[in-house]
Amino acid sequence: MLPFILKRLGLALLVAFTVSFISFSLLFLSGDPAAALAGETASGEDIEAIRTLYGFDRPMMVQYGEWLFSAVRGDFGESYYFKLPVASLITDRLQVTMLLGLCGITFALLTAVPLGVAAAIRPNSMIDRLALFLSVAGQALPSFWFGLILIVLFSIKFQILPPSGAESWRHFVMPTIVLGYYAMPAIMRLTRAGMLDVLNSDYIRTARAKGAGEGRVLFKHALRNAIIPVVSLAAVQMGFMLGGSIVVESVFALHGAGYLAWESIARNDLPTVQALILIFSMFYITFTFLADVLNAWLDPRMRSA
Amino acid sequence: MSDITDPLTQEFQAPSPREMLKQRAKGHLGLLTGLGIVGLLALVAIFAPLLAPHDPYAQSLMTRMEPPVFLGGDWDHPLGTDHLGRDYLSRLIYGARVSLMIGAIAALISGVIGTTMGVAAGYFGGKVDAFVTFLINVRLAMPVVLVALAVVAILGGSLTVVICVLGLLLWDRFAVVMRASTLQISRRDYIAAARAVGASTPRILLTEIMPNIFNNLIVVITLEMAHAILLEATLSFLGLGVQPPTPSWGLMVSEGKNMMLFEPWLVLIPGAVLFVLVLAINLMGDGLRDVTAPENRS
């Protein structure tokens, strides 16, 4: 187990390192970050002043090394727009996003797992078809549009939920649904496939033969085994969802890290953008690493992979 | 009536794989629905200049925000007009061009990148495989929407930039699926046989591997095309994709958003069309998978 964990950890660190380089390089995509920062009306002297002020005149690798060295210690520089340390800016906003992500994944699990189980118990029944329809439709539903429809329905027409903000739990209902439905189809399909697989296995037949009640067979014997891959999928989806929160947060004007990302991209606030890309990537890397370890712990066959 | 022969003397012929494929396709409702809708929208996109009742860019301040026919509008603007008085139906029709073009080209670009990586990883294994798997991991760790938005913001939102960014970001599924398929195929006996008779590596890849993973490739292309279309709409909705006045469905939703309180149809119509297109492409992709590889049906 330990060699597996160390190997995975090494790989995760290598991925993180590469991602950090890519997100730093984004700054240089525009050709000249100093000119981009100074704006279109700036004179040559202004651009030169900014170049030396921010150290853009040094070799790129030197700048990268310095940036990475500070980033590891939690210092992401100062935001061009907010004139605040990027790190404190992000930690303030991250709470909202984390809360949203947790609510979203909980919502997805609470709806997708029962639906997947029900679909697997009766393949080709109405509920199976409904589940299939929901998962196919769910994958095609543009989340920004889904969010706006919910606003039209629940905020404008029925006026029971606030359209934007993050003051109370009621502000989180619609964003949770929009973010959570995104992870639903995959979780549901995996639950259904896993349950179908397990329900056809010998030990389920044995359990039935021994006279175990249907509820006991389904939940104690079958679901317990079928849920293992779902747990790790949920962890991976959580990583994806945090990255996807940018859309949901901008639709509902929820001032989390996703909204901050959108704001800082629109304002050319590159240190904030770099830091956010890196942080969202780190979340994904951490969650997939945890999922891998969890999988290997529960299923020793995975340890060779 | 000479084609009626005695069934007893007629030689029995098993249906060819191609005929079986056709039979399965004919019985697959999802595939047919998807194909039908995508085909229809593709025709609409191609013949947009003939079908659109008005110029999609022509503004008319006298006829702003006219409601669609079903909300009491007139037939001159069947789906009403937007905040600049542009005919909504015409913009929707031209929007199909933007969506389908971006989706198709982005899927092709990422298809070339991902397939090359996946096939190389699956066929050569070892270090190549490890490197490709590493690249896939790096790509998956990058938040797509965030990176795409940032790059488009830096380079400026033109159609070309959006297509390239999406093409360069969406190759992961191609690489994953093509790697797995190639891995499976390259263990078959006929690959060993081809090698034994001295076929070169490029020849094996092109004439033995590629034809056998082609079905899977088509399926991934359709699914990734749907993905690219959704992402383009998302970027445009967030204001950092296709730029106004181009008629993109995502942009139309974004422009309609400010008037959502009074005129929700401005948001509902383009989003619904987008939803239907993506749904149809997905149905098509899922259907193709069922039909070409019935053993993999989930």
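In case you wondered, yes, glycine gets a Cβ from its N, Cα and C as well.
Unlike curated entries, TrEMBL annotations are predicted automatically.
As recorded in TrEMBL, the features of this protein are as follows:
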{"type": "TRANSMEM", "residues": "B:29-52", "note": "transmembrane segment"}
{"type": "DOMAIN", "residues": "B:96-285", "note": "domain 'ABC transmembrane type-1'"}
{"type": "TRANSMEM", "residues": "B:98-124", "note": "transmembrane segment"}
{"type": "TRANSMEM", "residues": "B:144-171", "note": "transmembrane segment"}
{"type": "TRANSMEM", "residues": "B:213-242", "note": "transmembrane segment"}
{"type": "TRANSMEM", "residues": "B:262-281", "note": "transmembrane segment"}
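Below 8 angstroms of C-beta separation, residues 33-34, 36-38, 41, 65, 67-68, 71, 79-80, 82-83, 88, 92, 95-96, 99-100, 103, 222-223, 225-226, 229-230, 233, 249-250, 252-253, 255-256 of the same chain, each at least six residues beyond the ends of the transmembrane segment (B:262-281), sit close to that stretch. Within the chain, the transmembrane segment (B:213-242) has long-range Cβ neighbours (under 8 A, six or more residues past its boundaries) at 98-100, 102-104, 106-108, 110-111, 114-115, 119, 144-145, 148-149, 152-153, 157, 159, 162, 166-167, 170, 173-174, 177-178, 181-182, 185, 248-251, 253-254, 274, 277-278, 281-282, 284-285, 288-289, 292-293. For the transmembrane segment (B:144-171), the list of distant contacts is 98, 101-102, 105-111, 113-114, 117, 224, 227-228, 231-232, 234-236, 238, 240-243, 246: same-chain residues at least six beyond its ends, Cβ to Cβ under 8 Å.
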